[in-house]
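Here is the structure we will look at.
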Amino acid sequence: MASRFPKFSQGLAQDPTTRRIWFGIATAHDFESHDDITEERLYQKIFASHFGQLAVIFLWTSGNLFHVAWQGNFEAWGKDPLHVRPIAHAIWDPHFGQPAVEAFTRGGASGPVNIAYSGVYQWWYTIGMRTNQDLYTGALFLLAVSAVALVAGWLHLQPKWKPSVSWFKNAESRLNHHLSGLFGVSSLAWTGHLVHVAIPESRGQHIGWDNFLTTPPHPQGLTPFFSGQWSVYAQDADSSGHLFGTTEGAGTAILTFLGGFHPQTQSLWLTDIAHHHLAIAVLFIVAGHMYRTNFGIGHSIREILDAHVPPAGRLGRGHQGLYDTINNSLHFQLGLALASLGVITSLVAQHMYSLPPYAFLAQDFTTQAALYTHHQYIAGFIMTGAFAHGAIFFIRDYNPEQNKSNVLARMLEHKEAIISHLSWASLFLGFHTLGLYVHNDVMLAFGTPEKQILIEPVFAQWIQSAHGKSLYGFDVLLSNAASPALSAGQSIWLPGWLDAINSGSNSLFLTIGPGDFLVHHAIALGLHTTTLILVKGALDARGSKLMPDKKEFGFSFPCDGPGRGGTCDISAWDAFYLAVFWMLNTIGWVTFYWHWKHLTLWQGNAAQFAESSTYLMGWLRDYLWLNSSQLINGYNPFGMNSLSVWAWMFLFGHLVWATGFMFLISWRGYWQELIETLAWAHERTPLANLVRWKDKPVALSIVQARLVGLAHFSVGYIFTYAAFLIASTSGKFG
């Protein structure tokens with residue numbers, strides 16, 4: 001008999017219903033639950049899959065480079081980055097009539113194309129690429145790297161090349177290699193690329209495979225390095241009149257600390273970026289020699305953790321027992337990694353616009369908006385994932401004996417206090433913020449706007465002033481002419497920084513007022529509520545007063561049967577599921593805020609945000625409704641335009657989003673009846689009844705239907721906002 005899907009679970013493979021297919025897909029990556037899995041095979045499978053992931057990433061980035069080189073306008077864009085629209089790739093669509101062909105033929109192309117809003121043009125230009133040949137070379141190189149990654153993944157599944165479990169659990173060696181090798185050496189290599197290729201290219205000197213070994217990046221070569229006169233590398237920086245990519249106004253410095261932005265490109269100075277990466281490299285290469293491995297020198301992580309016992313004994317055993325708990329739990333490690341990655345991704349969103357690293361990115365408003373929104377959504381999904389795997393850790397891997405009275409055990413002991421404090425913070429933020437918004441709404445509706453309650457964010461303004469923003473008139477730290485901090489930095493980074501922070505033409509420390517105060521607290525409400533749901537889900541994953549034996553039921557269960565009331569919807573999976581809605585809701589507010597504030601700044605109309613953002617009707621009318629007009633006009637009586645595709649995506653996104661509710665609100669019985677009715681009709685219809693299922697059709701389980709509903713809700717929500725964001729921004733700024 002041929003083996004049926006899924007091969008990894010004989011129990012499921014023998015299921016006579018369509019449940020076999022859905023549960024098979026749902027558990028395909030839950031290696032721990034598969035038949036005949038051993039700890040060794042588990043680690044090896046995950047290790048090999050990492051190479052597969054890398055292969056996919058390199059293939060994808062190779063495709064980006066290839067399509068821009070083949071169908072884009074990279075060389076034309078490089079000659080005039082502010083006026084030529086960058087092309088991502090051509091569009092071939094047999095449905096296009098003449099109006100569509102004309103609408104989508106842009107950027108100097110001969111046929112319909114997509115415009116790139118990803119920032120790759122700015123990135124490739126900044127790092128020294130200038131020709132299509134450069135792009136093709138990069139695409140080919142990444143294709144080769146992708147192939148190597150695939151072979152490596154296959155190789156590490158072969159008997160001779162399978163690493164042992166002890167190798168995977170050698171935490172000190174892994175940390176040393178990742179710190180020194182992954183972060184340290186790659187940062188050093190990137191510094192090398194910036195100094196040897198990107199900086200000379202930014203000064204109009206072409207560096208290629210033919211001359212990079214013979215062209216020193218600094219007139220004095222390595223002499224200052226070996227003679228200890230490192231400051232020579234910072235002398236003669238590019239002038240403020242430097243034209244990027246040309247010799248005009250170019251200097252010779254390679255490692256600087258200028259602060260602020262290049263006046264023409266509005267991006268960070270390349271020589272500052274190189275200096276930053278060099279510092280990071282030194283730091284991480286040193287850090288990668290910290291932990292004790294073969295030579296008996298350096299720190300032992302186990303000893304460090306075991307020594308972390310709070311004094312006076314009032315706070316338990318501190319970090320004792322954590323080494324084995326973390327080292328033996330893949331879910332704990334994944335939770336930590338996801339939490340870190342989530343924070344970093346959100347930081348990328350924040351820094352991409354406030355300190356733009358790529359030349360001319362600051363002038364490409366749609367790309368800035370797209371990059372901010374993209375990174376914030378990714379961060380949200382990654383962070384919720386951290387808590388999901390934290391909850392799975394508590395269910396599958398946590399050992400109370402190993403963790404007696406340490407920090408993990410005490411978290412569980414104090415969970416009521418933790419959860420109730422979070423709940424109190426969420427309630428306080430929610431009622432007060434909504435109360436202020438609604439009060440202001442009513443005052444506007446009654447024609448007495450002067451009766452609004454408007455609170456200046458004085459603490460935030462004070463912090464901005466401390467960093468040198470002089471607008472608010474606080475006489476503090478870098479806003480105080482007599483401050484020692486001010487005089488100490490005058491010779492290096494401060495003048496550039498102070499120019500930038502007090503310039504009205506960038507997004508560094510935006511001017512804030514009562515509208516910002518309110519939306520900040522709305523976002524704080526969203527963050528605290530999301531965290532409340534996630535933390536409660538993880539801390540109650542093993543059991544609660546209502547259901548002390550919860551961990552016996554696993555991560556996701558719908559209920560414990562009809563005979564035990566109150567056990568529905570309380571699995572750790574359900575907490576994750578609910579938290580994702582709150583996460584999406586919160587990031588909605590974050591991106592609305594960012595986008596509207598920037599639209600008004602870019603249009604030179606900051607007063608609109610300041611005046612309309614203090615009441616809900618202002619957000620609905622002056623942000624959402626006003627900026628959706630381009631989308632609504634994508635199709636009109638006069639034909640179509642280049643925003644039509646976004647208008648269609650806006651509608652399609654709403655459709656997908658609404659479909660989610662069909663799964664979220666109607667449950668198994670409804671679907672089971674519907675399916676049985678359809679099957680009955682099918683079996684009694686001539687011709688149709690010649691086709692039979694092997695599996696008996698059954699409705700999705702409650703948990704699965706929720707997942708399908710959540711997936712549609714999330715995808716529809718993001719599609720809708722992406723279309724709105726790109727159309728409303730590109731419609732205004734071209």
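Every residue, even glycine, has its Cβ placed from backbone N, Cα and C.
Small disclaimer: the values here were computed from a predicted structure and weren't measured.
The transmembrane segment annotation in Swiss-Prot falls on one of the ranges 175-199, 600-624, namely 175-199. Mapped onto three states, the DSSP output places M662 (chlorophyll a B3 binding site) in helix. Here the Cβ of H654 (chlorophyll a B1 binding site) has 15 other Cβ atoms within 10 Å, regardless of which shown protein chain they belong to.
Taking Cβ-Cβ distances under 8 Å and a sequence separation of 6 or more, the neighbours of W671 (phylloquinone binding site) in its chain are A699, L700, A705. Long-range contacts of the transmembrane segment (369-395) within its own chain (CB-CB distance under 8 A, at least 6 residues past either end) are made by residues 117-119, 329, 331-332, 334-336, 338-339, 341-343, 345-346, 348-349, 352-353, 412, 530, 534-535, 537-539, 541-542, 551, 554-555, 572-573, 575-576, 579-580, 583-584, 586-587, 590-591, 594-595, 598, 718, 721-722, 725-726, 729. Between the transmembrane segment (273-291) and the transmembrane segment (330-353), the number of CB pairs under 8 angstroms, six or more residues apart, is fewer than three, so the stretches are not in contact. The DSSP secondary structure for C559 ([4Fe-4S] cluster binding site) is coil. Here H654 (chlorophyll a B1 binding site) is positioned 24 angstrom away from Y670 (chlorophyll a B3 binding site), judged by their C-alpha atoms. In the three-state DSSP classification, C568 ([4Fe-4S] cluster binding site) falls within coil.
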